[in-house]
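> Let me begin by handing over the structure; questions about it come next.
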Amino acid sequence: MKVQSLLRIETQLLLGRLLTRSGDQAWDFVVPFALLVIFPGKLQVAAFYYLIVKIGTFLLTPSSGKWIDTHPRIQVVKWGVWLQFFAILAGMVFFGMLDGLVRAGGRESWLLSVLFIALALSGVMASLGSQITDISVGNDLAPSLVAPEKLTHFNSWLRRIDLATEVGAPILAGALFAFHPEQLPLAGLFLIGLWNLVSFVPEYFLLRNVIQRSGLKIKVLTEAQSWKDTFHINLRGSFSDPIFWLILSYALLWLSVLSPHGVLLAAYLKDEMRLPETEIGLFRGLGAVFGLISTVSFPYLVRRLGLISSSRWHLGFQGVTLGIAVTAFAMGSTASVYVFLGCILLSRVGLYGFSNGEFELRQRLIPEGRRGELNSLSSLTTTSATLILFSAGSLLPQTEDFKYLVYVSLAAVLLANVVFIKWSSRQGVVTSGAAEPVES
């Protein structure tokens, strides 16, 4: 008997998620370090790389969503997984060529710029493939295959996997990257890349098996006549959909610098608050730990209050804790700094809980034929918020002016509460399929 036949469909989906996320997190963690090995002291090179990846993904996101809706599931999974595979493989090749060129004294060569752009474009393709796979698994296969009464439990396990890989994969990747021969400083990068490549193979066969066993090869497809049609995006139609206000409420939370994982907050704590790196690192690690609490609190409140009410309570909790955090921040004393950081950690319970709720509401409410379009719109809005936030951060004349971003962050979270309450008050009883009530 095949091993795959012994695993439930839900288990196969979760295992596929674990494989892809662990590799993605490890690769993303070491890429900036590898760039700094090749270009020591040039932090702007790593920043420029990620800017290209973010902008490229931003531009291609709407088209990828429409493409998902116009193609069979098996084809979507195949393209998503193998696009990542060949993009990571290309990235390894370009890293090796860049390192060889720089070692040979070719810093002034035109080929250096060409290889760097090629590396960044491979990063865009890897990001796009990851996004296609995430939407296919989390926003299409999961709501189609997982029983409605099990969906909250399934999503909680998805979140646990995401948080576990967010913490564990970088630790393992950092250890691999640190140990290398002197003659081959990127040996760790290549090992991590190989780990990533190997993980794509079982992931693809797991997802293909899920689709074939479930009989979901055929889905309601949106008509698309050509590639030109795929790249013609009707954003006005997406924005006018009622689900947009749900998506917007979540995207507003990405306009916040009040995150343990935020680059801007970490820089402020180091430069202005003079906190040691060990405390900042502990703060970052605890952020994921507090996020795990939501994987217990959210399902519990769903059983007690229903999906929408649980989402409201978690989002409201985030607003209250960040309100206290910003009040402590405004006081400016040494003790209040730790109150500020403690409340940010508590707010992660609310943030991740609401994230679970918003994710499940999209799973239940978006019709099959528009899952790619509207879920890619969600990615588009969160990416836009990230770009806006970093653009605002780059315009700050002094580190101390970071306080304005803190106040804007609180305003964005409170506005998210208003938007979600207004949207959810019009929903009544949310159903999945024909008659599975979400509110109890």
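Here the Cβ of each residue, glycine as well, is placed from N, Cα and C on the backbone.
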> Which single residue out of Gln84, Gln318, Gln363 does Swiss-Prot record at the Ca(2+) site shared with Asp24, Asn196, Glu203?
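For the Ca(2+) site that includes Asp24, Asn196, Glu203, Swiss-Prot also lists Gln84.
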> Is it true that Swiss-Prot lists Arg8 and Ala178 on the same side of the membrane?
no
> Starting from the Ca(2+) site formed by Asp24, Gln84, Asn196, Glu203, give every other residue of that chain whose CB sits within 8 Å of the mean position of their CB atoms, in sequence order.
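Here the non-site neighbours turn out to be Leu19, Thr20, Gly23, Trp27, Val81, Phe85, Ile88, Ala126, Gly129, Ser130, Thr133, Leu197, Ser199, Phe200.
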> List every residue in the same chain as Gln84 (Ca(2+) binding site), at least 6 positions away in sequence, whose Cβ is under 8 Å from its Cβ.
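The list for Gln84 (Ca(2+) binding site) reads Thr20, Asp24, Met125, Ala126, Gly129, Ser130, Thr133, Asn196, Phe200, given in order along the sequence.
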> Quick check: do the transmembrane segment (148-176) and the transmembrane segment (73-103) share at least 3 Cβ pairs under 8 Å, counting only pairs 6+ apart in sequence?
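Stretch pair does not touch.
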> On the DSSP side of things, how many residues of the topological domain 'Extracellular' (39-42) fall into helix, strand and coil, could you say?
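Residue counts for the topological domain 'Extracellular' (39-42) by secondary structure: 0 helix, 0 strand, 4 coil.
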> Would you count the other CB atoms within 10 A of the CB of Asn196 (Ca(2+) binding site), including those on all shown protein chains?
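So the number of other Cβ atoms within 10 Å of Asn196 (Ca(2+) binding site) is 26.
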> To the transmembrane segment (9-38), which of 110-145, 187-213, 277-304, 307-329, 399-424 is linked by the most Cβ pairs under 8 Å?
187-213
